[in-house]
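Have a look at the structure below, then the notes.
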């Protein structure tokens, strides 16, 4: 039946005429000569069928009989790739006026069918121009498998895109007269809309240059392409709707040689996947024939994210799940309608992963049991305690040297305005014991090493901003819940007052664990700790709690330089909130060459006494510092002018006699003048400073509390 449908009148009429001529020749051969008797079985000449007689048509073989144009047995060719998608082919010869040909009634041999037609013209009979059929057929593996060429750009949801300007090239002159307009009954087949796009109005303003494809014509176009152009023009003139206009202009369903919307006449079949002008054969176009707004393949282009970055505390994987998907789930859409591909600039996931690693490393600091070697220690901890503490005459006990913690934890998650990944900032070499006012998040019970308690905080705590009417008993009652304590303030014994005179006091706890409990109960605001205290007239007034972290007493800036007491200065009147790291930064900014800074603390309570020391790595910086005599300390809320003196030791021998004249005793005097800068015993000082120009030098002696002072020298 399919072979019957593929035959055309143009092929059957010459066959019928040839058979009629053969019958006439046979009749002439069988006709008797004049005067002979006629055989009874020979038909008369009057009974010979005429070509014009309609009775000759049934006499033909069933294989050569064409179907009636408008008969009841008329069938329509369906697509072998898409069932239900029919084609209509206007005949190449003009039909009689009384019998208009319906679309799809017959198909010409030039129509490229995937079925064998038995013809010998491979170019005209192939479904796609330029591919030779195999045994009258064409292999389907020649087509891309991931995109069906049935759905061309005209069948996409953007079917209403204007593409008229790409068909301005006039078709070659047709050898046959143009077809008349299609009858009205053929239009309903073109009125079908895509269910995905009920209206094409929003896409009417899109330029056809962005989505259309210029047809590539061959040097020898077939006659069927001319018929297609003529039929398209006729259909465009008779169409009334916008859909009909786009359909007829694109000739998607009315062109006999171009029945598929994604193909043009004479085009290389491998370019049927939406190849633009200038694109090589076999290269997929960046436009998808299903939808021009989408790409048919996964893109490797990294798109900038459209949506704001997620919260930094949201735990998720580094890479998106669909970063390397091969289907259309990772398409790059112009408006980012789908989840974006992997963005290398999207660093919030990496930061979360690093924070999780740091949080895991810091778990031992949150109340867990420590190994026998002690808690983790930073490199600055070990560097200072193992390399420099002995030279300064300071004895520290250092547990945890076997368990080194590389990252500083003193301000992890506590200090506002800093990155949790880089907590060092100005204290980049500070150890891991925590900030004095920022340690509540890292507080833990007192560390123990072989049964020996290791303290983290001074047992003396500053409390500021107290209510003016609060007395000693009320202060004690407010903080007694943390442990036994004594309330003190400056000149308390002499004042004989029960109220702190300046609104601040000191809490002297009996146990260091009480200080840690107090820190845990405080609230943090802008890097400071507060606790609510009530008085007879004021209820729940926030007061500032300022503990002193023992690790803030010393800071090593340059561990490669040895500490020389002859290059160390004494800084008096240092504000108590100032830490060693801040003192080192100020001095290094002023004079340079700072390798160590320390805060003098009380030997019993280990609370700052208001003085500090700074060691330099070179003589020039040391002389510049002591020559200035005064320096302005400015840091945050601190702005104070302090005095600078040479740091005097009490265990130095005389630099002149090396103890020979004083019986091996330590030198009691130190000359701070830049022309001397030496230790002298009494005999050597008298002999050296009796010379001209040195009689006005004043000696420095070390008094209690490591504070040097000038003393008058008594001449004998």
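Cβ coordinates come from backbone N, Cα and C, glycine included.
Fair warning: this is a prediction, and the values are worked out from it, not measured in the lab.
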**Asked** Where does the phosphoserine label fall among 197, 444, going by Swiss-Prot?
**Response** 197
**Prompt:** So which of 108, 194 shows up as phosphoserine in Swiss-Prot?
**Reply:** 194
**Prompt:** Where does Swiss-Prot put phosphoserine, among 222, 317, 420?
**Reply:** 420
**Complete:** The average per-residue pLDDT within the domain 'RRM 2' (567-649) comes out at 91
**Message:** When DSSP is mapped onto helix/strand/coil, what comes out for residue 462 (site 'Required for RNA-binding activity')?
**Reply:** strand
**Cβ neighbours within the same chain of residue 462 (site 'Required for RNA-binding activity') - under 8 Å, at least six residues apart** = 504, 506, 544, 545, 546, 547, 548, 576
**Fill in**
If you count the other CB atoms within 10 A of the CB of residue 506 (site 'Required for RNA-binding activity'), including all protein chains displayed, you should get 18
